[in-house]
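Enquirer: Quick one: structure below, then a few questions.
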Amino acid sequence: MQQLKQIQTQVFRIGLHQNPDTLNKLMVFCTDPKNGNFLQYSERIFNYIENPSLFIYNVMIKAFVKGGSFGRAIGFFHQLRVHGLWPDNFTYPFVFKAVGCLRNVYVGEKVHAYVLKSGVEFDCYVCNSIMDMYGELGCVENARKLFDEMPERDLVSWNVLISGFVKCARFEDAVSVFRRMQQEESVKPDEATVVSTLSACTATKDSELGREIHRYVVNEIGFTPTISNALLDMYSKCGYLSIARQIFDIMPAKNVISWTSMVSGYVNCGKLDEARDFFERSPVRDTVLWTAMINGYVQFNRVDEAVALFREMQIRGIKPDMFTVVALLTGCAQVGALEQGKWIHSYIDENRIPVDAVVGTALIVMYSKCGCIDKSIEIFHRLKEKDTAVWTSIICGLAMNGQSSKALTLFSEMKQAGFKPDDITFIGVLSACNHGGLVEEGRRYFDSMKKMYRIEPKLEHYGCLIDILGRAGLLDEAEEIIEKIPKESNEILGPVYGALLSACRIYGNVVIGERMATRLAEMDYSGSSLHTLMANIYASADRWDDVTKVKGKMKAIGVKKAPGCSSIEVDGHVHEFLVGDASHREMKEVHAMLDGITKPLSGLEDTEMEADNKVAGIS
């Protein structure tokens, strides 16, 4: 900076401070990040230039975009037009980049209109930047329209459109563009094409196209670290771990992304020990890798191990992100580990992890599933930004905890606030009607799904409605609803029949129960709970021969009743107990405690004391 100021002094001394060539070179130097952080200084120089050229404006706009000052870049774009200059094909790409990063659709469309007026709309470089902006803004149809109207397209044009569809989660469209590209003789896919298309294959589980791209890489462009990682991710997420392992083993340079893909692949297949082995062998572990392993333990209800790994993560100085704590809170919610959930909540507060909609939703779900609905409500009201997921989580939580009227009140507030409910929201609403015995409301909300919100009811919604009707004794109407359900796989339909069977057991309706049982037999459904329900229906009607037949059938087809399971959290550890399982290392102490509780309640303790007194008297 000292040398720069000395040179600038000489520039002023000999009268070159308004010379265009001198100013151009000076501004290029000051805005180049390789030379240091002179951006503020360059802006000061700019303010002293009497008639800044379009070149200088372009240099400043580029510098602001590269430095992340997108608003300032847009400001300079408007300023150059006020000064009577007209943008060129070097101006627009950086302006569109700034607009995309600001995610401002209105400004993007306005700048696009300037392009049409300026006559550079057919410049391939400019068109590609407009398409890229629309991809960032989620307006990918605008990008497709522009692409189709381009008189000439280069490889970047194809890559930008494919990438835009991938960003907007329109993976089938991305694959379609790739297929169309293959038919063109003028362009061939490069690394960017391959990586974007493999992302689409991963999302759609299209391993066939993935293999085709793999062959193309081998024969045409060769492997790069980025391509290898994309293939590794595709194969591991599609369940082809053996192929993923082969690619991993031959990779000359493995980075943390490679190790994370393998860990995630083994986690998705339920092979947690193999995943942990890869995790331990990874030479570098970032937050994403730690979170992938923690999330794996959470998925398979091994919450204690997830928390232990989280503690190790802290010891090693790895800072968790919101996804890490959300995974842990999800695990605590699954097993009802309230104390661990509270500890994670304290960790969030102490480390100032922002409680946004995602973290807030996880906290609401954790507390509501652990029975602390008041805490869930408190968190809900403290959240500054709420989305549909936040509203849904609190509605479902209230319904789960039997607070039906509050759940439905919040549902009304959600609609008044302008949020559109989704299919999960309606599961919470219908559950609230079920717990509250609100039959008419349940019917009305179920009907509104299609009529008002164009949400096609799923089996879960039908199950809730059948449960509402069944609990109210409206078994005939519930059976009529079942007839309207789109017939899907037996394993999915089974629980819906189970809801009606449960009602038949409560009301002792053997006739409808038998009809349901016959349909289940025709479907060849082998769920243990439904056979048990049917046996209970017969038992309530004193038809013991039929009970024996059902149990005999269960034995014949190999159906076993799933053992009951309960869990309790002690000192931050969750202990599970299965019926008939005496393998817990402290089972003697458990039985001793149970005896100590049950004897006073049943009066056995007093009987034993009387017996002891009698023995003492005889002696």
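Cβ atoms are placed via backbone N, Cα and C, with glycine included.
As annotated in TrEMBL:
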- 53-87: repeat 'PPR' (REPEAT)
- 123-153: repeat 'PPR' (REPEAT)
- 154-188: repeat 'PPR' (REPEAT)
- 255-285: repeat 'PPR' (REPEAT)
- 286-320: repeat 'PPR' (REPEAT)
- 387-421: repeat 'PPR' (REPEAT)
Enquirer: Which sequence-distant residues neighbour the repeat 'PPR' (286-320)? Criterion: at least 6 residues beyond either end, Cβ under 8 Å.
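Expert: For the repeat 'PPR' (286-320), the list is 256, 259-260, 263-264, 266-267, 270, 272, 275-276, 279, 327-328, 330-332, 334-335, 337, 340, 351, 353, 572-574.
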Enquirer: Any idea what the model's mean pLDDT is for the repeat 'PPR' (286-320)?
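Expert: Per the prediction, mean pLDDT sits at 93 for the repeat 'PPR' (286-320).
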Enquirer: When the repeat 'PPR' (123-153) is classified with DSSP, how many of its residues are helical, how many are strand and how many are coil?
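Expert: Computed counts for the repeat 'PPR' (123-153) are 24 helix, 0 strand, 7 coil.
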